[in-house]
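Shown next, in structure tokens, is the structure this report addresses.
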């Protein structure tokens, strides 16, 4: 059966106390609405309608995509009114209504919900709540059949004792929706057009209201303030930690680990505390990541080791390579197999060949370093002249003496050597020693200045 999805994202979110529209507040570095859109896409609908209102231009600009249609709700008159704004765009056999501030809803849950929908049956997602305050209550008859949803403010004392709450997520037969929305009334405590009133209409029209239960409260929690936003973040991170551990990853402490993107992992990976994985990260078998590391949009090949307090962004580490502690690999950096980058070494758009080493205290930018070459402490590639960047190219088995400055553009042939403290401004042929420093002069009988 064909499917249209409507995502309600027009709310202001005053309790966030923020100029940013509520649905753009992030969970795991992605807007809450972005998570919901990703889940919607996984269901392969024929259209996704996003109903926006408060901060509409900002929301549209942030999340615009070819497969999204944004619909304006000029006045926030309730959830039923919001869905009605999208009606002209809906033509599928089934319509699923989601919420832009409920980012943890799972694809599998929604698939089960959609399986309930037929011409004479709709699907309602409910949840068992420890404290249902504020939630609409699911009212059933003596045989357990759903009769209506009663909003908290309109509920009687007896109805407020019900712990089964409405999540707001609803899947309905598309051909029925326009009729139901057209019959909504705002005669209630809020003076709004409640989407939940559709349930009583469906029952009156002879349809069955089938229910699917969410796994837990967190899956359907919406973020109305920053406290709930933090709860969502914590739950998301624990969910990701469990998934990675199930795939063969050892997390030293799952409560001190963050995923903020897409992560692919191999087996027997070990990750220490306070590690952040951002963007698209690929981690192969037997990789070890030390504490306090940030790894973004990077690839770690089999057996790579990232030592404590290192930062990788857009980098690739070859099989058996290692870096750190306190290493920084910036975009375009690539370490060959068994290459070594030590403490306080920064690479930017630099490629190190197999077995090459830069042990400590160096900046290597816009550079190509051949296999087995050794970079002495304090080496700098001087790649910027104030207007343009230039490359430094080293062959294989090159030895760079400590505290050398390589002024690009410059090339060093295979097995070239530079003396410690040299400033290299021209190419060095293969098998050649380059020494570029002032001759030492000793002054005998030198007396240090004294204070006056």
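Every residue, even glycine, has its Cβ placed from backbone N, Cα and C.
Per Swiss-Prot, the feature region 'Pyrophosphorylase' maps to 1-226; the stated evidence is sequence analysis.
As annotated by Swiss-Prot, UDP-N-acetyl-alpha-D-glucosamine binding site applies to 8-11, 22, 73, 78-79, 99-101, 136, 151, 166, 224, 330, 348, 363, 374, with the evidence given as sequence analysis. In sequence order, 51, 79, 82, 83, 97, 98, 99, 100 are the residues of the chain that are 6 or more apart from residue 8 (UDP-N-acetyl-alpha-D-glucosamine binding site) and have a CB within less than 8 Å of its CB. DSSP assigns residue 8 (UDP-N-acetyl-alpha-D-glucosamine binding site) to a strand segment in the three-state reduction.
Secondary structure from DSSP puts residue 224 (Mg(2+) binding site) in coil. Its Cβ taken as reference, residue 224 (Mg(2+) binding site) is surrounded by 16 other Cβ atoms within 10 Å in the chains shown. Marked as Mg(2+) binding site by Swiss-Prot on the basis of sequence analysis: 101, 224.
Under the heading region 'Linker', Swiss-Prot lists 227-247, citing sequence analysis as support. Within its own chain, the region 'Linker' (227-247) has Cβ neighbours under 8 Å at 16, 25, 27-28, 32, 103-104, 218, 221, 254-255, 257-259, 263, 265, 267, counting only residues six or more beyond its boundaries.
The region 'N-acetyltransferase' annotation in Swiss-Prot covers 248-452 and is backed by sequence analysis.
Neighbour density for residue 360 (active site, proton acceptor): within 10 A of its CB lie 18 other CB atoms from the protein chains shown. Secondary structure from DSSP puts residue 360 (active site, proton acceptor) in a beta strand. Summarising the annotation, Swiss-Prot assigns active site, proton acceptor to 360 and lists sequence analysis as the type of evidence.
DSSP assigns residue 420 (acetyl-CoA binding site) to coil in the three-state reduction, outside any helix or strand. Sequence-distant contacts (6 or more apart, same chain, Cβ under 8 Å) of residue 420 (acetyl-CoA binding site) comprise 376, 401, 402, 403, 404. Per Swiss-Prot, the feature acetyl-CoA binding site maps to 377, 383, 384, 402, 420, 437; the stated evidence is sequence analysis.
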Rank the binding-site residues 101, 151 by how many other Cβ atoms lie within 10 Å of each Cβ and give me the one with the fewest.
151
At the Cα level, what's the spacing in Å between residue 101 (Mg(2+) binding site) and residue 11 (UDP-N-acetyl-alpha-D-glucosamine binding site), rounded?
9
Looking at the recorded positions 11, 224, 330, 360, 374, whose Cα is closest in space to that of residue 383 (acetyl-CoA binding site)?
330
Show which residues of the chain containing residue 384 (acetyl-CoA binding site), separated from it by at least 6 in sequence, have their CB under 8 Å from its CB.
365, 390
If you draw a 10 Å sphere around the Cβ of residue 330 (UDP-N-acetyl-alpha-D-glucosamine binding site), how many other Cβ atoms fall inside it, taking every protein chain shown into account?
16
Residues with Cβ closer than 8 Å to the Cβ of residue 377 (acetyl-CoA binding site), same chain and 6+ apart in sequence?
359, 360, 361, 362, 402, 403
Maximal Cα-Cα distance (Å) across residues annotated as binding acetyl-CoA, namely 377, 383, 384, 402, 420, 437:
22
